[in-house]
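These features come from Swiss-Prot:
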type     : residues    : note
DISULFID : CYS6-CYS36  : disulfide bond
DISULFID : CYS14-CYS33 : disulfide bond
DISULFID : CYS22-CYS54 : disulfide bond
DOMAIN   : 4-54        : domain 'Kazal-like'
CARBOHYD : ASN43       : N-linked glycosylation site
Amino acid sequence: IVTVDCSDYPKPVCTLDYMPLCGSDNTTYSNKCNFCNAVVDSNGTITLSHFGKC
């Protein structure tokens, strides 16, 4: 199982770094920060599907 540590999120501003992650909602997030903010917003219902684009 692939996991990402989102314990230090949410962050108010994310960098523009592009290291895509695919969420369980079938959305490609541009980087860990954007993904983790979405995880927090979803109360943990979104999980990491895999690294890279969906």
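Cβ coordinates are placed from backbone N, Cα and C, and glycine is handled just like the others.
Source: prediction; values computed, not measured.
As a summary of secondary structure, the domain 'Kazal-like' (4-54) carries 10 helix, 9 strand, 32 coil according to DSSP.
A sphere of 10 angstroms centred on the C-beta of CYS33 (disulfide bond) encloses 20 other C-beta atoms. Take the Cα of CYS33 (disulfide bond) and measure to each of the recorded positions CYS6, ASN43, CYS54: the nearest one is CYS6. Around the Cβ of CYS6 (disulfide bond), the same chain contributes PHE35, CYS36, VAL39, VAL40, each under 8 angstroms and 6 or more positions distant in sequence. For CYS54 (disulfide bond) paired with CYS14 (disulfide bond), the C-alpha to C-alpha distance reads 20 Å. With respect to their backbone Cα atoms, the residue listed as 'N-linked glycosylation site' and CYS14 (disulfide bond) stand 19 Å from each other. Confidence annotation: the domain 'Kazal-like' (4-54) carries a mean pLDDT of 96 in the model. Among the recorded positions CYS22, CYS36, ASN43, CYS54, the residue whose Cβ has the fewest other Cβ atoms within 10 Å is ASN43.
There are 17 other CB atoms within 10 A of the CB of CYS14 (disulfide bond), with all protein chains counted.
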